[in-house]
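In Swiss-Prot this protein carries:
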ACT_SITE  Arg97  active site
ACT_SITE  His174  active site
ACT_SITE  Arg177  active site
ACT_SITE  Tyr210  active site, O-(3'-phospho-DNA)-tyrosine intermediate
Amino acid sequence: MPKYTDDDIFDDGAPQVAKGFDRGIDYLDIAAKLKKGLKKNYKVLQDTESTANAKRFAGSRVIYIIIALLQLKNCSRISEAIVATKKFSVSKNLNERVVVKIAKSEKDLIDRKTKDKIHTKPRYRDMVFPVDLVDTKIFKYIVKTKYWTKFCEFDSPRKRVLDFLLGHYECNTHSLRYAGINYLLNVEKRDMNVVAKFVGHANVNQLVLYTQTKALDEIFDRKIVV
């Protein structure tokens, strides 16, 4: 029998193939699961027999799910979704868009050639409230509660939403963003330039890389019938 060294089998030093941020989350499937979770937890809040502790958990979950659905609908970064949710909480018309600063658009860089410092100007994008995914009655209710007040006081709200998604839906916030992008590109067949503009990319480079990775996965997963 041939002999194999550990390096042959366990090549820890081998370069990793870039897989992007996608975690194989289906847009419609995760949207349905989140909507179901939203209704379930809202029901706990409305139940007069629910304990204070049960309502506390349900209140937090309602907020996290609404933010997740808003992120999914807009294919946004989680920080953008949180800012948008806060803006919608004081909006008189949830059918109107809000404007948020695109995360990481404003930053300090070093020019590789001149070594000069470069400060990029912030860019902004529109966000819509997911009225097709979130009952506005639930949203208007939750933003008037102590659970919303406490959420707005958190130092790291992004981590709380992320931990909730990982623990209850086995996905992360990047998964939601790219599930939405995947749906726009591969199901609705939207133009890549339009999608890049919608999600806040400065160009289509990242989307090209993403679609190439998805296409590569499809080649690996293809079934050959003989």
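Keep in mind that glycine also has a Cβ here, set from the backbone N, Cα and C atoms.
A sphere of 10 angstroms centred on the C-beta of Arg177 (active site) encloses 23 other C-beta atoms. Note: the CA-CA distance between Tyr210 (active site, O-(3'-phospho-DNA)-tyrosine intermediate) and His174 (active site) rounds to 13 Å. Taking only the Cα positions, the spacing between Arg177 (active site) and Arg97 (active site) is 18 angstrom.
Cα separation, Arg97 (active site) to His174 (active site), rounded: 22 Å.
The Cβ of Tyr210 (active site, O-(3'-phospho-DNA)-tyrosine intermediate) has 19 neighbouring Cβ atoms from other residues within 10 Å, across all protein chains displayed.
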